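**Q** Got a structure for you, questions after.
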Amino acid sequence: MMPTGFAGVEAQLWLWMLAMIRPGAAFIAAPVFGSPQVPVQLRLIVALAVGIPATAVVPFTLPDAGIASIEGFVMVVGEVLVGLALGFAVQIGFSAALLAGETIGSAMGLGFASMVDPQSGQSSPALGQFLSILGTFLFLSIGGHLALAALVFESYVALPPGQAWLGAESLKGLVDFGGIVFAAGVAIALPVAFAIILVQVVMGMLARSAPAMNLFAVGLPAALLAGIILLAIAAPVMADAILAAIQRGLEMAGTLARGG
């Protein structure tokens, strides 16, 4: 039974704080929510909105020794790890767009052109940022932010607090999924990047036949022009492939949320 008076209020606050840990960790690791542009206060409010209703579905029980004990520490670590795994699974699927953009940008000769990544706050190639922003729009358009919140809520049923430890098979599946998404990112970029490389090979053959030609003055604009045209042609297919990678990330997060 919940204590009454001030002790009861304190215990309830500790339960709410425990309920916020898993969604808070998931939103830190997930795309969009984890962006430095998203205020910390907003992440806390969303974590509170997801975590508090979960206390009515799954029994949250604090250790007898309190949260500031070994049992409490183990419980908190388990909540953090599950939340990070859920958010990271979605982030891995999201990163296929950035990988494809970096691959195409390097082939076009835009490896030196960089800008600040709104997701991580770090500098990354401009074309990668373009596809990353496209991925953000696609993620929001399919309700990925709502799906992630629902998966975090659902995870409390299969992985209740105090028993929230992912098995070796789940962690291995997450690592294997990273390799699959890496291959997906390369596959997204391969048609455009391969065509640009062919253009560069042609430029090299022309330079061999006409040594007086300034290869840098001709080759770089040709690669840029070819890249822009190919991107315009391949954009619809690339958007579908990026969306598929994001959906696979959500599916992987769903598998983890169900204890799979």
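Glycine is no exception: its Cβ is also placed from the backbone N, Cα and C atoms.
What TrEMBL lists as transmembrane segment is 12-34, 40-60, 72-90, 137-159, 179-203, 215-238.
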**Q** State, in range form, which of 12-34, 40-60, 72-90, 179-203 has the highest count of Cβ pairs under 8 Å to the transmembrane segment (137-159).
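**A** Most contacts with the transmembrane segment (137-159): 12-34.
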**Q** At a C-beta cut-off of under 8 Å, are there same-chain residues at least 6 beyond the transmembrane segment (215-238) that contact it? List them, or none.
**A** 100, 104, 107-110, 131, 188, 191-192, 195-196, 199-200, 203-204, 206-207
**Q** Using a Cβ cut-off of under 8 Å, list the residues of the same chain at least 6 residues beyond the transmembrane segment (12-34) that approach it.
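**A** Contacts of the transmembrane segment (12-34) (Cβ under 8 Å, skipping residues fewer than 6 from its ends): 2, 43-44, 46-48, 50-52, 54-55, 60, 62, 66-67, 75-76, 79-84, 86-88, 90-91, 94, 119, 135-136, 139-140, 144-145, 148-149, 152-153, 155-156, 161, 164.
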